[in-house]
Structure formats: structure tokens, C-alpha cells
Ligand code: HEM
């Protein structure tokens with residue numbers, strides 16, 4: 001009797017399972033006709049992944065897929081096209097005029113970046129990058145004054161000081177005859193910088209016994225276990241996806257950073273200590289807001305210092321890492337960059353100053369060319385927040401549709417950058433830039449929701465590169481597998497291969 005009952009239960013479970021799979025399949029088949037029904041060109045999806053190509057690894061990011069979609073639509077001659085991430089509809093923009101419309105001209109229809117964050121239950125996750133309107137606009141206005149050139153100058157010396165630790169560390173490696181692990185060294189440098197200017201603490205990332213900040217930063221950036229499964233669930237049922245996403249997140253790094261902010265704020269208050277950094281600017285807005293609109297609460301301080309850390313450390317270290325890679329394999333360009341740096345510094349008695357950086361135009365061309373080939377944020381996203389008619393068409397993009405833009409696809413498009421694999425900073429002279437549509441090179445995004453930390457990111461990247469080039473001559477180590485290729489395991493740009501450099505003291 002017992003056996004018979006358990007068999008019945010098993011049959012019931014199987015039946016429910018089969019019925020659920022069938023229901024999901026029917027739902028997906030209906031969803032997959034969406035772009036066709038609207039008369040939008042589209043790339044053919046397959047159940048259940050849609051157009052996601054990198055499937056069910058530990059982590060999954062559609063970022064490299066964004067380039068593949070861009071390339072496939074471009075080859076077919078489309079200016080835009082529909083895809084699906086699992087069952088989620090997504091419009092990929094190819095033509096720079098449409099990109100300009102979405103990011104800038106008609107921004108009011110595309111204010112939000114994503115919709116997977118549960119702001120109510122996760123207030124410390126509601127930082128500027130994730131937050132949706134109506135919260136985003138006032139927060140952006142509050143934080144914008146934190147990034148003026150005046151504030152950058154205030155933080156300049158802290159960045160310079162951190163670069164000393166990096167150079168000392170590299171000198172030791174070189175003395176011991178070791179190759180330079182570029183990615184690790186650049187990440188340690190930017191961790192020290194952001195730790196200092198965002199949290200007001202010394203992170204000691206070059207002291208191998210205590211790289212706690214670096215480790216916690218990496219854990220914070222990790223999408224967490226089961227991220228591909230969660231994207232799949234969120235595509236069918238966003239509410240459950242959000243809740244599960246919050247539960248699956250590694251909570252330790254957030255607790256760690258919250259405690260750092262709390263104890264630093266307490267120390268500064270009790271000891272009346274002031275420092276020229278991001279945390280102080282936020283603390284002033286907390287304690288002495290010039291008006292109620294400028295007030296930030298404790299959760300906003302924590303969320304945004306953590307965000308500055310996330311947004312600031314890996315993007316800038318990636319920029320430096322790939323710049324050094326390109327300079328190491330292009331010795332003539334390396335020499336020309338070093339010559340410019342030395343010439344400008346000679347005017348400033350050998351001192352690196354904020355003003356000297358602005359005069360290094362060739363260095364900026366080198367960084368621009370690096371960001372063209374290796375943009376740290378491989379794909380940009382917006383959510384349509386109000387129905388919108390695409391220009392010169394009758395196609396209405398419905399509220400809730402995700403929009404995908406691929407800086408990597410644009411940057412490697414031979415129509416805009418002939419012989420795209422070639423590293424050639426001459427593409428970014430003022431004259432050459434005028435010949436191109438400005439929206440084909442958008443490594444910092446564009447429009448009102450572009451990168452708020454652009455100036456700071458460029459400042460720390462320039463300082464890091466200047467310090468390395470004035471101390472070392474670089475070449476690629478025989479340990480590095482060339483050419484570097486883009487990994488799909490991370491939402492920011494990362495190479496599959498490790499980058500080792502040979503450095504010779506100058
Ligand atoms: C070279 C370094 C950097 C690069 C390449 C970079 C790139 C980007 C990109 C592509 C976006 C998205 C823009 C869009 O969707 O249109 C972004 C947003 C953002 N970045 Fe950066 N970033 C860098 C450094 C930084 C730094 C140092 C900080 C802060 C300390 C920062 C803070 C932010 C924030 C807060 C946002 C969200 C802005 C908003 O939604 O209003 N970034 N960044």
C-alpha cells in the first residue's frame with residue numbers, strides 16, 4: 001500500500017514537472033514571436049536561451065554576446081534588431097544615430113539602466129549605477145559636485161602617493177628578475193587609490209599578507225553562484241528573480257565595507273578629522289546639507305562609497321592594464337608616449353601635476369585607442385521607461401524593453417576603424433575624431449547617465465601609466481599567451497589570458 005502511494009506521488013510529481021516544462025515552452029514560443037509581430041528585424045532565438053550564447057557556466061554575462069549580436073545585425077545591414085535573453089526581449093542598437101537618440105536626445109524615455117535591483121529590501125544596493133527613477137535624478141544631482149575638476153585636484157596627491165607603493169613593488173619584482181603580473185599590480189594600485197579617496201583608509205594592497213580590500217572588492221564584483229540560473233528565472237518572473245538574486249549575493253563584502261564606512265565616519269566625527277576625499281564630501285552632505293535636496297542618508301553614503309569602489313577600481317585598472325599591454329607590444333608607440341611625458345614634465349621641473357596631465361595629448365590618444373579596443377564596460381544597457389517610436393519608422397518600443405549597446409562592437413567595427421585590430425593612436429588626433437560620428441567611441445557611455453567618474457578614472461589611469469613608463473621599459477613576457485582574448489566570464493572586460501610583462505629599469 002505504502003509503495004503504491006509513493007509511486008502515485010512520484011507520477012504526480014512527474015506530471016506536474018512535465019506540465020510546467022510544457023507551459024514554459026508554450027510561453028517562450030509565444031514570446032519568441034514578439035519581434036516578428038512588431039516587424040522588427042531579429043536574430044533567431046532557440047529555446048530556452050533565446051540568443052544567449054554563453055550558456056550555464058558558473059557565471060554568465062551577456063556582455064560578449066552583445067558584440068556578437070552587433071556584428072550579426074551589422075553584417076545583415078540592419079540599423080537595429082531584436083534579440084532575447086532567455087525570454088526577455090532586448091533591442092540591440094547598431095546605427096550611431098539611434099544610439100544618440102536613446103542615450104541623449106530622447107533620454108527621457110530611457111532613464112533606467114536595469115530593473116533587477118530590489119531597492120526597497122536592499123537599500124544599500126540602491127546606488128547611482130542601479131537606482132531607477134524617480135530616485136536616480138536627484139541622487140545624480142547630489143553626487144555630481146563630488147567629481148568636479150576642483151575636487152579631482154584635491155585628491156591628486158593621494159593618487160600620486162599610492163603610485164609610489166606600486167613603483168616600489170615593481171622595482172622589487174624587477175630586481176628579483178621576475179616578470180610583472182600587470183593585472184594584479186594595476187588592481188592593487190587602484191584598490192589603494194579608491195580605498196584612500198572613497199573610504200579614507202590605507203588598504204596596503206601591495207602588502208601580500210593583507211590584501212583584504214582587494215579580495216573583498218573582487219567578491220563584491222562576482223555575480224555570485226547560480227547567476228545564469230537567476231538571469232533565466234528573472235527573465236520569466238522578474239519579482240522572484242530579484243528576491244532570489246538578493247539572497248544568493250555574497251553578503252560578507254557588503255558587511256565588510258559597511259563596517260569600514262561606519263567606523264571611519266565615527267572616527268572622523270569624534271576626532272574632528274577632515275580629509276580631502278569622496279567620503280568627506282558625502283559626510284558633509286549628511287551633516288551639513290546646504291539645502292534639504294542635498295541631504296544624503298547613511299544608507300546612501302554606504303551604497304555610494306561601495307559603488308565608487310566597484311566602479312573605480314576595476315575599470316581604471318583594466319584601462320591601465322590594456323594600455324601597458326598595447327605599449328609593450330608596440331615599442332615605437334611606447335617610446336613616443338614616454339618622450340611626450342618627459343617633455344611635458346621637464347616644463348614642470350619633473351613634477352607630475354594636474355595641469356601637466358592635461359598637456360599630455362598623445363598619452364590621451366593612447367588611452368582612447370586602448371579604450372576603443374578594450375572598453376572596460378563591454379556593453380551598455382537602458383530600459384525603455386515610456387513607449388517610444390523609433391525615428392523614421394512606425395515601430396513603437398514598449399515600456400519595459402531592454403536596450404543593448406555594444407561599445408566593443410562599435411570600437412572594432414571596420415566601417416569606423418579600418419583595420420580594427422591594429423593599435424594606432426593616430427585615430428584619435430583632433431582632426432581624425434572630427435571625421436567620425438562621435439557615438440562610435442563611447443567607452444564612458446554618453447548622455448545624462450554617462451560615467452560620473454570619468455575625470456577621476458582618467459586621472460588615476462594617467463598617473464599610473466606615467467609612473468610606470470618613466471621608471472620602466474616594457475616588453476611582453478614569453479609567459480604571456482598572445483593575442484589576448486576577451487573573457488565572457490565577467491561582466492567587465494577581462495582577458496582569458498594572464499598578462500605578464502618584462503620590465504627593465506630606466
Ligand atoms: C577608466 C575608467 C572608467 C571607465 C572606462 C568607466 C566607464 C563607465 C561606463 C561605460 C558607464 C556606463 C555609462 C552609460 O551607461 O552610459 C559608467 C557609469 C558609472 N561610472 Fe564609470 N568608468 C570609469 C571609472 C569610474 C570611476 C573612477 C568612478 C567613481 C569613482 C565611476 C563611477 C561611475 C558611476 C557612479 C556610474 C553610474 C552613473 C549613473 O548611472 O548615473 N566610474 N562608467
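Just so it is clear, glycine is given a Cβ too, placed from its N, Cα and C backbone atoms.
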Correct range for transmembrane segment (source TrEMBL, candidates 203-225, 226-248, 249-271): 226-248
Candidate ranges 6-28, 29-51 [criterion: TrEMBL lists as transmembrane segment]: 6-28
Tertiary neighbours of residue 451 (heme binding site) (same chain, Cβ under 8 Å, six or more apart): 311, 444, 445, 457
